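Per TrEMBL, the features are as follows:
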- 114-563: domain 'Major facilitator superfamily (MFS) profile' (DOMAIN)
- 168-188: transmembrane segment (TRANSMEM)
- 200-218: transmembrane segment (TRANSMEM)
- 224-245: transmembrane segment (TRANSMEM)
- 257-280: transmembrane segment (TRANSMEM)
- 286-309: transmembrane segment (TRANSMEM)
- 372-394: transmembrane segment (TRANSMEM)
- 406-426: transmembrane segment (TRANSMEM)
- 438-459: transmembrane segment (TRANSMEM)
- 471-497: transmembrane segment (TRANSMEM)
- 509-529: transmembrane segment (TRANSMEM)
- 541-559: transmembrane segment (TRANSMEM)
Amino acid sequence: MAIFVYLFLLETKRLPMEQVKHVWGRHWFWKKIWAGVEYSELSTRPHPAPGTSSGANSRYTRLRPPSRIRSWKQAGPAARIRLLSMAIGAFVEGAPADGGEGYSGRVTPFVVLSCVVAGSGGVLFGYDLGISGGVTSMDSFLKRFFPEVYHQKQDSHLSNYCQFNSELLTVFTSSLYIAGLVATLVAASVTRRYGRRTSMLIGGAIFIAGSVFGGAAINIPMLLLNRILLGIGLGFTNQSIPLYLSEMAPPRYRGAINNGFELCISLGILFANILNYFVIKITAGWGWRISLSIAALPAAFLTIGAVFLPETPSFIIQRDGDTDKARILLQKLRGTTSVQKELDDLVSASNLSRATQYPFRNIFKRKYRPQLVVALLIPFFNQVTGINVMNFYAPVVFRTIGLEESASLFSSVVTRLCATFANIVAMMLVDRFGRRKLFLVGGVQMIISQFTVAAILAVKFKDYGSMDNEYAYLVLITMCVFVAGFAWSWGPLTFLVPAEICPLEIRSAGQSIVVAVMFLMTFVIGQTFLEALCHIKSATFFVFGAWICLMTLFVYLFLPETKKLPMEQMEQVWRRHWFWKKIVGEEEDKKQTETKNLALPGL
C-alpha cells in the first residue's frame with residue numbers, strides 16, 4: 001500500500017476543498033484521464049504577494065498577529081479559549097500556507113469548539129473498536145455468554161492458535177460493522193438532504209440506546225442488539241463527521257483538524273483498553289457491564305453538543321442558497337471579514353452540487369473515475385493492513401502467545417499509547433510534508449512490522465506450550481511499531497484524502513462509499529481472523545504484510561501528489577497523470593468536440 005500511495009495519491013496539503021478537483025490533471029498518471037483540458041490559465045494566473053491587499057475587503061488580506069497577548073492567569077474564560085485556539089493554530093501549522101492563498105483566516109475558538117464536539121464521534125468509533133477485544137478476553141464474560149470458548153482455553157490438547165476460534169464470538173464482534181455498512185447507505189441521503197449535524201444527532205442518539213442494551217444484557221440476543229444499534233449509530237457519525245470537519249476547517253489547517261478525528265478514534269481505543277484493564281479486577285465478575293455501557297457518555301456529549309453546532313457553510317449554501325447567512329458564519333469561523341473568495345468558491349461548488357440530483361449515480365461517471373477508485377481502495381487497503389486485529393483482538397492475540405489476562409490487557413494499553421502519540425505526530429506533519437509521504441513511509445513501517453511478527457511466531461511459537469517471555473515482549477514492541485506506523489499515516493489519511501478530493505456534488509456519496517467499504521472489510525476481517533489464525537497460524541501476519549506491499553505499489557503507481565494545489569484545481573492533476581488522463585481526458589476531449597460541432601453552422 002505504501003507503493004500505491006507513492007505512485008497514485010495526490011498531495012492535498014492546505015488546499016481549499018472546492019479547489020481539490022483540479023489537482024488530478026497535474027499527476028503523471030491521472031492526467032492521462034483528464035488530458036485535453038486547458039489548464040494553463042490556472043497555472044500561470046498571477047497571485048498577489050502574501051500579505052498584500054487590493055482593498056478593504058481584499059481576498060488576500062492576512063490577519064496581523066495581536067500586538068499584545070494576555071497571560072493565561074490574566075485572561076478571562078473567553079480570552080483563555082482564544083489563547084487555546086491560537087496555540088492549536090500554531091501547533092497544527094507546519095509551514096506558511098502555500099496553497100489556497102486567496103483564503104484568509106485562522107483557527108478561531110468557534111472552529112475549535114465545533115470540531116471538538118464533532119470529533120467526539122471518533123471517540124465512539126474508537127471505543128467500540130477497543131472494547132470488544134478486552135471484553136471477550138475476560139473469563140467472567142466468556143463463562144456467561146460463550147462457555148465453549150472458556151472451555152477451549154482450558155484444553156491443553158487444543159492448539160494455541162485455536163483457543164478463541166468460535167463463530168458465535170466472531171458474530172458478536174463483527175455484527176456491529178455489517179449494521180454500520182447498511183446504516184451508512186441510509187446516512188448518505190440524510191447527510192445530503194438534512195445536513196451533517198442532523199446525521200450526528202441521529203447517530204449519537206442511537207448509540208446511547210445501544211449502550212443501554214449492552215450494560216443490561218442477560219443473553220446473546222441482547223448482546224447482538226447492542227452491537228447492531230452501535231453499528232447503526234456509527235454508520236451515521238462516521239459518514240457525517242469527516243465531512244463536517246473538512247468543511248468547517250480553514251484550508252491550511254484542514255489536514256491537522258481532520259487528523260483530529262483519527263486522534264479521537266485512538267483516544268477512544270485507549271480509553272476502552274484502560275477501562276478493561278481496571279474493570280477486570282472487579283472480583284464479582286460484572287466489570288464487563290461497565291465496559292459495554294459507559295460508551296453512552298461520549299455519545300451523550302456528541303448528541304447534546306450537536307444540538308448547538310452550526311451547519312457547515314457549504315451545506316447552508318447547498319440547501320438554502322443563503323449566501324448572507326453563510327458569509328456571517330464564515331466570518332465567525334475564520335475570524336476575518338475577508339471571506340469573499342472562499343464564499344465565491346462555495347457558491348460555485350454548490351451550484352454544481354444542486355444540479356446533481358443523484359450523487360451515487362454521478363460518482364460512477366467517467367469524469368469521477370479517479371475519485372471512485374480512491375474511495376473504494378483506500379478504505380479497503382486500510383483494513384487489510386490488519387489494524388483491526390490489533391484494535392479489537394489485541395488482548396486475544398497477547399493471551400494466545402502466553403501473556404496472562406491482566407498482562408494482555410495492559411499490553412493493549414501500551415500499544416494504544418504508542419498509536420495515540422503517533423496520531424499527535426501526524427497532526428504536526430500532515431500539513432508540513434503532505435499526505436503522500438506519510439502514506440509511503442507509514443506503509444514501509446507496517447510492512448517490516450508485520451513480517452517481523454510473522455517470523456517470530458513461526459520460529460518461536462508452536463501449537464502447544466507457551467512462548468518465552470522475551471519473545472512475547474518482542475512481539476509487543478513490534479506491534480507498537482506497527483500501530484504507530486498506521487496511526488500517523490493510513491489511519492487519519494483514510495478519512496482525509498477521499499473527503500478532500502471529491503467535489504461537493506459527489507462528496508456525500510464518496511464519503512458513504514469510504515465508510516461502507518471500511519465497515520464491510522472490518523466485518524470480513526472480524527469474521528475471518530480467528531478462523532485464519534487457527535488454520536494458517538503465523539502465516540496470517542505474512543498475508544497482512546503482503547497486502548501492505550500491494551497497496552504500497554498501488555499508491556506509488558496511481559495516487560498523484562496534490563501538495564500546494566487549491567481544491568478547485570484538484571481535478572487538473574488527473575489530466576496530467578499517466579494512467580488517469582486516458583480515462584478522464586477522453587471524456588473531456590469528447591465534450592470539447594461536441595461543443596465545437598454545435599458551434600459550427602450547417603453541421
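Just so you know, glycine gets a Cβ as well, placed from its N, Cα and C.
TrEMBL entries are annotated by machine, without manual review.
Counting Cβ pairs under 8 Å to the transmembrane segment (286-309), the top-ranked stretch among 224-245, 257-280, 372-394, 438-459, 509-529 is 257-280. The stretches the transmembrane segment (168-188) and the transmembrane segment (509-529) meet in space: the count of Cβ pairs below 8 angstroms, excluding pairs fewer than 6 apart in sequence, reaches at least three.
Counting Cβ pairs under 8 Å that are 6 or more residues apart, the transmembrane segment (509-529) and the transmembrane segment (372-394) reach 3 or more and are in contact. Outside the transmembrane segment (471-497), and at least 6 residues removed from its termini, the chain residues within Cβ reach (under 8 Å) are 1, 9, 12, 242, 246, 254-255, 258-259, 261-263, 265-266, 374, 378-379, 381-382, 385, 387, 390, 394, 397-398, 401-403, 411, 414-416, 418-423, 425-426, 429-430, 435, 438-439, 441-443, 445-446, 448-450, 452-453, 456-457, 460-461, 514, 518. Confidence over the domain 'Major facilitator superfamily (MFS) profile' (114-563), given as mean pLDDT on the 0 to 100 scale, stands at 87. Of the recorded ranges 200-218, 224-245, 372-394, 438-459, the transmembrane segment (541-559) has the largest number of C-beta contacts under 8 angstroms with 438-459.
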